[in-house]
Amino acid sequence: MPRTDNDSWDITQSVGATALGVAAARAAETESENPLISDPFARIFVEAAGKGMWSIYADPALLTKADDLEPDLRGRLQLMIDFMATRTAFFDEFFLAAADAGVRQVVILAAGLDARSWRLPWPDGTVVYELDQPKVLDFKSTTLREHGAQPKAELVNVPIDLRQDWPKALQEAGFDASRPAVWSAEGLVRYLPAQAQDLLFERIDALSAPGSRLASNVPDSGFTDPDRLARQREDMRRMRAAAAKLVDAEITDFDDLWYPEERTPVDSWLRERGWDVSTATFAELMARYGRSIPQGAQDSMPPTLYVSARRRAG
């Protein structure tokens, strides 16, 4: 179903269901022979949600049937697992580096089923603010506490739609804009219209004291190229049809969730506002972590740029 201006969702619907797909990919990577990451909670989320399109990543029995339906499906699924594994490792390392540098305020925007509050070794005194739709945060917290999990930092849930006045809600929850913070906008930006992207980073910039850090994965150049989009949509259509047969469930059409619009380049925008910025493309990040993109699959993933930044003093 196409997006609307005021749409909302729970964990099994629309954008919320993508969080389960991410969790399923993290579970598959965690349980692989040589995992890049360890997320012991990912499998818990997938099992708590029940059967759905996310099952295809986390159920080895389904993968054995994939080749009979679509020769390229297994490779595409592994590429998605690699994508999520490298993305997760990138953000994990970013957070831990900020913690080592003494930053004790953490803000996770569109937190989804990100379980870093529970699984990363946060230093004493760290406060993690998680922002997302109320139903998404409730599912996560309830599921983890039912399994005896306890956060490894002081966790503050801020249940709010990021299209609303989340800076006000964040500060009312205890966030101190006079102190450095570490921000993440992981798996978020392509689900925002271009104007909403601009507003998001304007708000982050306004709340960031010197020494603050920011990481995000954002649409890269070529994201809106019509020919590339057509190839990606056709590839996704074939994979979605095969996957739907495997799980006997409707598969979300991600084309309906993304906004393929021309956007302000986030890296240059941040540099102009006093941030030191580093970037890596999806292919560069995959290579950094020893993963590769299968031949012929270059267009199956949207062009993505990984951005990490630090706010300079003065």
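Each Cβ is built from the backbone N, Cα and C atoms, and glycine gets one as well.
Quick caveat, the model's predicted, so the values are computed rather than measured.
Mapped onto three states, the DSSP output places D161 (S-adenosyl-L-methionine binding site) in coil. For D132, D161, L162, the entry in Swiss-Prot reads S-adenosyl-L-methionine binding site.
Under DSSP, D132 (S-adenosyl-L-methionine binding site) is assigned to a strand (E or B) in the three-state scheme.
Residues D132, D161, L162 are recorded as binding S-adenosyl-L-methionine; their most distant pair of Cα atoms lies 7 Å apart. If you count neighbouring Cβ atoms within 10 Å for each of the binding-site residues D132, D161, the highest count belongs to D132. In sequence order, L109, A110, L131, Q133, I160, R163, Q164, W166 are the residues of the same chain, not among D132, D161, L162, whose CB sits within 8 A of the CB centroid for the S-adenosyl-L-methionine site.
Taking Cβ-Cβ distances under 8 Å and a sequence separation of 6 or more, the neighbours of L162 (S-adenosyl-L-methionine binding site) in its chain are L109, A110, L131, D132, L188, L192, L200.
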